[in-house]
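Below is one structure; the comments refer to it alone.
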Amino acid sequence: MRWLLKRGWMYLAMIAVSTFALFPVYWVVITSLKPRSEIYTRTPDLWPSDPQWDQYPRVLGEGHVGRALLNSLIVASGTMVICLLVSAGAAYVLARYRARITRILLILVLMTQMFPLVVLVIPLFVTMRKAGLLGTYWSLIITYLAFSVPLAIWVMRGFVLSIPDELEHAARIDGATRIGAMWRVVLPLAAPGLAVTAVLSFLEGWKEFLLALTFINDEDRKTVPLVLQSFVGRGDTDWGAVMATSVLYTLPVAIVFVLARKHLMTARTAGAVKG
Amino acid sequence: MSTAPAAVQAGRTSSRPPAMVVARRAVNRLTLPVLLLLPALTIIAGLVGYPLVRTIYLSFTDTGLGELIYGGSEWVGLENFKEVFADEHLRTSLVNTVVFGTACVVGTMVLGFCVALLLNQKLKGNLLFGIAVLLPWAVPALAASAIWKWLFDARYGFVNWGLVNLGFDGFQDFAWFADRETAYVAIFITVVWQSFPFVALSLLAGLQTIPKETLQAAAVDGANAFQRFRLVTLPLLRPIVAVLVIFSTIWDFKIFDQIYVMAAGVPDRSADTAAVAAYREGFALSHYGLGSAVAVVLFVILLAFALIYVRLVGKEGELA
């Protein structure tokens, strides 16, 4: 009985939190499948009477969401690849070399996360304009690196720290150079960390709105958040289109998250901050 | 990877002239770390360091659109900062940022902690629960704003419909975004919904690193569940909690997407936060100098909060 009381509370809490977490997602999906007459009603149904898929081809075609998804994919992947290449080495050094300067660098890197994005938008806009990059994919990829790299360094450093030093020492005693040991010992063991970092840095580029809003004017280069915003912003919000776009926008990330849940749930994202 | 016997290791090391080994190691020690650090540090310095310095400079000038393009902006000293605190809209936006941001941080941390403790219990259905709480994290902020705006829609929203059905008739056609306080309730829920997963999963990882023996020892010593939590779990989690609070503060004080999309209809823009106000001044109105000043004030506020937290955690060593 005592057991039941104790566990019962926990299950109730679990159900409550799950409902809070899932209901909005559920509501978006079914709204995107409802015919217009069932979207704009004061007595919403929990299930569409006759699920319709026509919102999806509509937003993908005339709504330019297809093109926007491709743009977002290009920008986010570019950010992810460059971010991993650049921050892996830095994270390794900041984890393995213990000196006063590494600590100072780490704190400086953390401080960059403290700068509100708006602090950077104006001068970045000017810089991109001068470089002639405004409106290009590169203007977004380059600026997203400014935010993904610091985060990536901290997260990956946590993973490197969790790999025992001794393994590397052993490899070096066996005759491997420092870089060889890094390549053959640390990198494979840090693979889950690389995966988590890849997901995080991809997400930076995938979800960013403000810089994209500022840099991109060309319809053909717009990323998904910009198109989504244009649906909401119009005098009369096209909720069917908003919901279908939101589903298409979220789906890829949700799939990756579910596949990577093991890594994300034992998330050493905390390891990153534990040192 | 194999570990060679000691004899072989010794043989290898001694077969090289010691001086060369020392020299090579010295070069290795300096060049490799520098080479590996350089690209990342260049990006950070170039893209964050330089713009920051430039923004601080802009905040002391009267730069508008014309000056930005053709040059010729003038140094105005502290004028912009005086205006930030004199202008009612800008002043309100700063207060909004601190009050609303703090509420979001507290809400996120509390819910995140509860969920982490639940996930840490080895309960049936935990895997499904884990996936459920993972999903809001996957929804981009802008999509989340749109989704919740729809749920809180005055006429067709689910929230009003649900509340009316529960007997709260006052919520018939209730306009959540018609004034600041109720708009903030809706945005608060949106922000917490999106950010608790990260906090929960990070704290879960922390909880799992606490040695079971420590907790058992405390139990043997007669500590009840609450005491074990307060005296063992919490102190051990302190560094993680501190960093999560710092990160959440940074994120929630800078909040943009949600306010920009959801609070757009609030009269007089009274629900604007500093980030949104800085953006409006800087871009919509082309007052780059004033916009920069708002941003700099926000940065100083964030830095102050971060410093306080670091103090509270004690040694900075626990962070880096």
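Glycine is treated like the rest: Cβ placed from N, Cα and C.
Feature annotation from TrEMBL assigns transmembrane segment to A:9-30 (among others). Below 8 angstroms of C-beta separation, residues 46-48, 243, 246-247, 250 of the same chain, each at least six residues beyond the ends of the transmembrane segment (A:9-30), sit close to that stretch.
Taken from TrEMBL, the feature domain 'ABC transmembrane type-1' applies to A:69-260.
According to TrEMBL, the transmembrane segment annotation covers A:73-95 (among others). For the transmembrane segment (A:73-95), same-chain residues at least 6 beyond its ends with a Cβ under 8 Å from one of its own Cβ atoms are 102, 105-106, 109, 137, 140-141, 144-145, 148-149, 152-157, 159-161, 182, 186-187, 194, 197-198, 201-206, 223.
Residues 94, 134, 143, 146-147, 150-151, 153-154, 157, 210-211, 214-215 of the same chain lie 6+ residues outside the transmembrane segment (A:104-125) yet bring a C-beta within less than 8 angstroms of a C-beta in it. Taken from TrEMBL, the feature transmembrane segment covers A:104-125 (among others).
Sequence-distant contacts of the transmembrane segment (A:137-160) (same chain, six or more residues past either end, CB-CB distance under 8 Å): 71, 74-75, 78-80, 82-84, 86-88, 90-92, 94-96, 106, 109-110, 112-113, 117, 120, 124, 128, 186, 190, 192-194, 196-197, 200-201, 204-205, 208, 211-212, 215-216, 221, 223, 268-275. Annotation source TrEMBL lists transmembrane segment at A:137-160 (among others).
Within the same chain, residues 76-77, 79-80, 83-84, 87-88, 92, 148, 151-152, 155-156, 158-160, 163, 167-168, 171-172, 253, 256-257, 260, 263-264, 267-269 sit at least 6 positions outside the transmembrane segment (A:181-203) and bring their C-beta atoms closer than 8 Å to a C-beta of that stretch. Marked as transmembrane segment by TrEMBL: A:181-203 (among others).
Among the features that TrEMBL reports, transmembrane segment is placed at A:239-260 (among others).
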